[in-house]
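Enquirer: This structure is in structure tokens; I'll ask about it shortly.
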Amino acid sequence: MTAERPSITDRIDAATGGMRLRRLRQADWSRRLVRETQLSPADLIWPIFVREGSDAPQPVESMPGVSRLSVEHCVEAAKRARDLAIPVIALFPYTNPSLRDETGSEALNPDNLVCRATRAIKAAVPEVGIMCDVALDPYTSHGHDGVMVGECIVNDESVELLCRQAVVQAEAGCDIIGPSDMMDGRVGCIRGALDDAGCRDTMIMAYSAKYASAFYGPFRDAVGSGGMLKGDKRTYQMDYANSDEAVREAAQDLAEGADMIMVKPGLPYLDVLARLAREFAVPTFAYQTSGEYSMIMAAVGNGWLDGDKAMVETLTAYKRAGASGILTYFSPKVAAMMRG
Ligand code: PBG
């Protein structure tokens, strides 16, 4: 007599001990009950491109749904951020080519575009935080984040200018200084310069692990530095093959006085984000870069992806990896969706 073969159900119960993980997934209410991560409008930082003039918003061709806004329209955007409970907007200027030079001197002009936008927004919508990038690339004729001597981006001379840029922006009313330049020692020097200028309360969110990436292309179009860039940024932005180095960068930035750190790009670097968030237990942000945004929107434009679903899924993934928040061009869209 042959033994009766166990049924599939018996086999499964033997293997799982009767624990069926699908049990909790069976209804929307139970899925919501056990969900580990929640995305909320408070997680969002909305990057906005500013331009001169008072004309209508000017679409950025490589970023469907994103436009360069006049100062006046930036104020309207800040009101929208407030109404949608988005805590912070990040301003990025499109600088007229005629104002660009070798050392990016327009960065130090207290009346430059980004400072005027900051003052206008602070006056009209003081309850929304303003973040400004510290880096010279919107202002240099060669498109680099620092000063170029021959083929070299010189570190210390660049840091000197970046400190002055940070103070100019803080004095205009910027709440969060975001050094995105990747020069060595810049966070400590900027902290010192801000304190010396009486800007003790101005926060620093360091782009700590910023990689030399292909995903910044559409952003460079948006700020007009793409066509100008001589060479690439690999002598200062990080090699994308490295993760230990990100830990060293973040440790240094925090020792120098960074209040918050950031990883950029985002989705291809979730391992780095998760590692830094766990290792340092400080507010750690991710930047969903222009290229990541444009990839999704291009697929949406072709009818290949459900854009809203891809948006929420990717933003939730950042949170799951440990992000305190996300800089994303989807901010107004996803905030409106969460509200509705
Ligand atoms: C400037 C800066 C860049 C981005 C943010 N700040 C571009 C670069 O470093 O070349 C990229 C943002 C994006 O791609 O959305 N240093």
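We number each residue from 1, going along the chain as drawn.
Cβ coordinates come from backbone N, Cα and C, glycine included.
Unlike curated records, TrEMBL annotations are generated automatically.
Sequence annotations record features per position, and here TrEMBL assigns active site, schiff-base intermediate with substrate to Lys210, Lys264. Residues annotated as Mg(2+) binding site in TrEMBL: Glu249.
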Enquirer: Using Cβ atoms only, which residues of the same chain lie under 8 Å from Lys264 (active site, schiff-base intermediate with substrate) while being at least 6 residues apart in sequence?
Expert: Ser180, Tyr207, Ala209, Lys210, Tyr211, Ser213, Ala286, Tyr287, Thr289
Enquirer: Can you tell me the three-state DSSP label for the residue listed as 'Mg(2+) binding site'?
Expert: helix
Enquirer: For Lys264 (active site, schiff-base intermediate with substrate), which DSSP three-state class applies?
Expert: strand
Enquirer: Return the residues near the residue listed as 'Mg(2+) binding site', defined as same-chain residues 6+ apart in sequence whose C-beta is under 8 angstroms from its C-beta, sorted by sequence, else 'none'.
Expert: Ser208, Ala209, Met238
